[in-house]
Amino acid sequence: MKVDLGPDPSLVYRPDVDPEMAKSKGSFRNYTSGPLLDRVFTTYKLMHTHQTVDFVMRKRIQFGSFSYKKMTVMEAVDMLDDLVDESDPDVDFPNSFHAFQTAEGIRKAHPDKDWFHLVGLLHDLGKILALWGEPQWAVVGDTFPVGCRPQASVVFCDSTFQDNPDLQDPRYSTELGMYQPHCGLENVLMSWGHDEYLYQMMKFNKFSLPSEAFYMVRFHSFYPWHTGGDYRQLCSQQDLDMLPWVQEFNKFDLYTKCPDLPEVKSLRPYYQGLIDKYCPGILSW
């Protein structure tokens with residue numbers, strides 16, 4: 001049975017995106033009419049109501065022991081066969097194909113960076129949370145720091161946070177909230193979802209990938225930062241140095257999706273070799 005993760009915002013709903021770019025992408029990913037807009041808004045209303053400091057801490061404890069399943073990375077990729085991410089309603093195919101499409105796009109543009117190819121394959125594996133009963137608003141969608149006031153480029157920022165209890169707490173309702181200026185994103189509590197889960201899982205299992213890879217995984221859905229230009233007050237110099245890598249990854253994450261599905265069988269040996277190199281064996285999930 002396929003699990004629909006529910007709608008993610010497209011470019012046309014992100015307030016920081018160039019209108020011409022949004023228009024061209026909107027012709028392919030239609031979020032401009034029908035019931036989908038209401039569903040997208042509902043997803044973000046739930047997310048922005050319930051993603052609090054307390055919620056994120058509880059989820060980190062719940063999943064932080066990585067005791068749900070023992071399996072290899074390729075087995076996790078295969079699990080994505082059962083995930084159809086409705087963020088792309090015009091192209092109805094499993095998320096596993098998106099993993100290979102992203103990886104192959106990176107491979108063509110950066111043939112000398114095999115670790116980067118692997119990040120393309122890995123980046124959405126955290127969506128297996130949906131198979132463990134997590135609601136869509138706690139799995140997909142744009143991410144943001146909890147514990148401080150949401151910034152202007154957070155999608156639906158002005159209309160979805162009214163019922164979030166943290167914004168009534170003076171510790172969390174200012175621009176910096178519970179953080180120190182330029183504390184570094186490594187010290188920031190991000191909203192819970194597939195990015196944060198996989199980032200923590202990679203650390204737990206000691207993936208031997210460069211730090212750029214960990215940044216790409218953890219922050220590829222952090223659109224208010226890498227595209228909106230917000231949350232710079234929390235960034236360290238290292239974060240700013242890593243930002244171009246996250247932006248480079250984002251191009252392939254967004255723009256490699258198409259109905260021409262890759263021949264996965266022929267690609268598997270190459271990517272299995274990368275898995276064996278950087279994250280081999282049976283891992284804890």
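Using N, Cα and C of the backbone, Cβ positions are placed for all residues, glycine too.
In this structure, HIS220 (Fe cation 2 binding site) belongs to neither helix nor strand by DSSP; it is coil. Around HIS220 (Fe cation 2 binding site), the same-chain residues six or more apart in sequence whose CB sits under 8 Å from its CB are HIS123, ASP195, HIS226, VAL246, PHE249, ASN250, ASP253, listed in sequence order. The substrate binding site annotation in Swiss-Prot covers ARG29, ASP85, GLU86, SER87, LYS127, GLY141, ASP142, HIS220, SER221.
Feature annotation from Swiss-Prot assigns Fe cation 1 binding site to HIS98, HIS123, ASP124, ASP253. ASP124 (Fe cation 1 binding site) carries neither a helix nor a strand DSSP state and counts as coil.
As annotated by Swiss-Prot, Fe cation 2 binding site applies to ASP124, HIS194, HIS220.
Here Swiss-Prot flags SER33 as phosphoserine.
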Tell me, which binding-site residues from HIS98, ASP124, LYS127, SER221 are within 10 Å of HIS194 (Fe cation 2 binding site) if we use the C-alpha atoms? ASP124, LYS127, SER221
Taking DSSP as the reference, which of helix, strand or coil describes ASP253 (Fe cation 1 binding site)? helix
In whole Å, how far does the CA atom of ASP142 (substrate binding site) lie from that of ASP124 (Fe cation 1 binding site)? 13
